[in-house]
Each structure stands twice: as C-alpha cells, then as structure tokens.
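Data first, discussion second: the structure below is written as structure tokens.
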Amino acid sequence: MIPSVLPTYSRAPLTFVKGEGSWMIEADGRRFLDLGAGIAVNALGHANPVLVNALTEQAGKLWHVSNLYNIEQQQALADKLVDNTFADTVFFTNSGTEACELAVKMARKYWYDKGQPEKVEIIGFEGAFHGRSSAGIAAAGGEKLTKGFGPLLPGFRHVPWGDLEAVQSAIGDETAAVIVEPVQGEGGIRPMEDADLKALRVMCDAAGVLLIFDEVQCGVGRTGRLFAHEWAGVTPDIMMVAKGIGGGFPLGAVLATEEAASGMTLGTHGSTYGGNPLACAVGCAVMDVVSDPAFLEEVNTKAGLFRQKLEGLVAGHPDVFEAVRGSGLMLGLKCKLPCGDVVAAGYGEELITVPAADNVVRLLPPLTISEEEIAEAVARLDAAATKLAADAKD
Ligand SMILES: *Cc1c(COP(=O)(O)O)cnc(C)c1O
C-alpha cells in the first residue's frame, strides 16, 4: 500500500522536534550538530530569537492579504535587496523553483518585447539544479531529474560544467540567456572560477545574451559575500534567490536590472502567496543581519578556520576523503568511499551533513555557527571517518 505521504523522498531515520542555533534535537534528547541547515536554508540557525520575534510579531498582526493590495513588509524587503545588490527590481516567490520559472519567463519576454521573439533558448550547465518544475528540470537537463517527465519544455541546451568554449559555440541567433549557479550545490559544491564567471559576462555582453545567476543555494551570505558572484566582480541581469533569504520560512525572489525586467509589465506575472507579510517580515530580519559587513567578515573568518581543519581531516583519512572544495561556508568533501556512507556514519556521531552529486558530502552549517562548534563538527567527522575506515578493512 502506498504510504500516506507520497514516497518520493529517501529519508534518514531521524525525527527532530526542536532546534537551537546549530543543533537539532530528537524527542529522546539526542542533540545533532547541524552542518546541513535544512539544505542551506537556516542561515541564522534554528529558532534564532531575532527571526522568532520577527515572525511572531507579524503573526499577531497580519498573515496574508494577496498582491491585490500594498504589502509594507514586501516593499521594505525589496528596498533592502535593491540597496544591497546590482538589482533595480524584485519579484517575490515562495521557493527557488518558482524563481526559476520567472527567470525563464523574464528572459524570453525581454526578447519578445525587443522584437526578437526567436530568442527563446537558454543555455545551462551539466550538473546544474534549478528546481523541480517543468522549466526547472528542463533548465538543468540531467536525466535523474527529467527521465519519464517528457515532453520536456523546449528551448534549453546544456554544456559541460565550466566549458566556456562550449558556451561560445552554443550561443546562436535563438539564444535568450545563459543560466549558471556561481557555485553548484546539488551538483557537488563546484564553484565556477572567478575568471570564468567574468569571461561568461563578457561573452554574454558581446553576443547580446542575458546572464542569469541561480544563487538559490550559494547566495545570502553563504560564501562570505552577500551574493557569491560578488567575489568575481561581475553582476548578472537576472538572479534567482531562495533558501537562506527566508532563514527557514518559505521565501524566494527574482532580482533583475531595470532593462532585463522591462518585459514584465502589468499583468504578465503574479503569485497568490509570493511576498506575503509573514515571509517578508522574516526576510527583512534575515537581510538586516546578513547584509552587515561585520557579519560577513565573521563568516569569512569561520570559513577559513573550517577549511583549514577540513584539510587536516582529509590528510588524516586519505582512504575516506579525497579533497575539500567550495567557498565560504558552502563546503564539500569529495569522498573516496560512497558519500552516503559518510553521511550515515556522521549520524552515528550525531552530526548532520548532506550528500550531493559527484560523491560529495556537503557542509552547509548555519552562518551563525561558532568556532567551538566548527571544532566539534570536525572532531565528529574525524570519529565517523575513523569508524568507516575500520569497517572498510573488515
Ligand atoms: C534548492 C535549489 C533550487 C530550488 O529551490 P526550491 O526552493 O527547492 O524550489 C533551485 N536552484 C538551486 C541552485 C537550488 O539549490
């Protein structure tokens, strides 16, 4: 008999009833150190008093009115995002997937309104993840996402990760945009080289093609900058945001330049819940913390410490781990043993990590994790690796 919850998820045998900062707690009191943050979502940790306060204060006033009316919290959050980024304008969604939908629509509508309706094609990279909607899976293109769900939304092409020559030769008269995660998340914590992001910008400008950054996972302070592309010193025309921006409350956004957004005129797009008062009240509180340069500086300091300790871990367990990679507090351990075994061994040490493609274990702690907690996390990884290596010998 089919379970009452549609069985699409492979779940760990863990049930958490409470969260505190970098910790998740089971009913029996077992405390797990959280290096997953709900897949890079709980950017400020669990039950952060600032966010709890923002949410409960708003909950006592007004939850939802729809976008038929002005929403003060939505306006405030849009202003914060515009003030702190390349963007001139923002549309709010409830998820990263919905942000992908609009990014694709916006790019196509831009060229349609420019009198070039043939420009519909979007070039993406292999190993990408852009969400699970029809546009999201077509944009990513991987067989794991698309198999059995045809006919796929047409107008997408894919090139190998980081292969800029392939992008150059894929760009043609029908190209509307290139879409890229500055750091691939699901694909295995693969940062694009700064030089390559720069080259991509130059290439898109030369060809008259829009550039879309998917910062759903790597944005909102995760890499030690407010958005990951800032490291490369380039800006996109359109950017997808979600995950961390809501700190655990469902919230996403599409940020765009005035030019790129010019096709999205009155009545061309909408959402019932998008930008609701609850989500935006929390989003404002997240932005106030994360956009503070002192906060980002701390993320960078902790990231440096974490990375250094992880290099030591990898050196100490050459039969379990191959390398550390990533950016800021978006780190990956490329494994030699199956990454699922490493994640499971972590559970045995009351440590949460997240598997990704390319046999990588993702480490995406709350940005508020302390230096002591980082040391504790590496000690637990060390214990897990020691047990794994011993088991592998038996
Ligand atoms: C998670 C993710 C998405 C999809 O976001 P949802 O909120 O799950 O719909 C899109 N792009 C990237 C890079 C992601 O990591």
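Glycine too: its Cβ is placed from the backbone N, Cα and C atoms.
Feature annotations, reproduced from TrEMBL:
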BINDING   G96, T97, F129, D214, E215, V216, Q217, T272  pyridoxal 5'-phosphate binding site
BINDING   R132, S271  N(2)-acetyl-L-ornithine binding site
MOD_RES   K243  N6-(pyridoxal phosphate)lysine
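Checking the binding-site residues G96, T97, E215, Q217, T272 for a CB within less than 6 Å of any atom of ligand 1 leaves G96, T97, Q217, listed in sequence order. Taking the Cα atom of each, T272 (pyridoxal 5'-phosphate binding site) and K243 (N6-(pyridoxal phosphate)lysine) are about 19 angstrom apart. Cβ neighbours of V216 (pyridoxal 5'-phosphate binding site) (same chain, under 8 Å, six or more residues apart in sequence): G96, A99, H130, G131, E181, G185, M240, V241, A242, K243, G252.
Of all the Cβ atoms in the protein chains shown, 16 others lie within 10 Å of the Cβ of R132 (N(2)-acetyl-L-ornithine binding site). In this structure, the C-alpha atom of F129 (pyridoxal 5'-phosphate binding site) lies 22 angstrom from that of S271 (N(2)-acetyl-L-ornithine binding site). The maximal spread of the pyridoxal 5'-phosphate binding site, taken as the longest Cα to Cα distance among G96, T97, F129, D214, E215, V216, Q217, T272, is 25 Å.
Distance noted between the C-alpha atoms of D214 (pyridoxal 5'-phosphate binding site) and S271 (N(2)-acetyl-L-ornithine binding site) is 20 Å.
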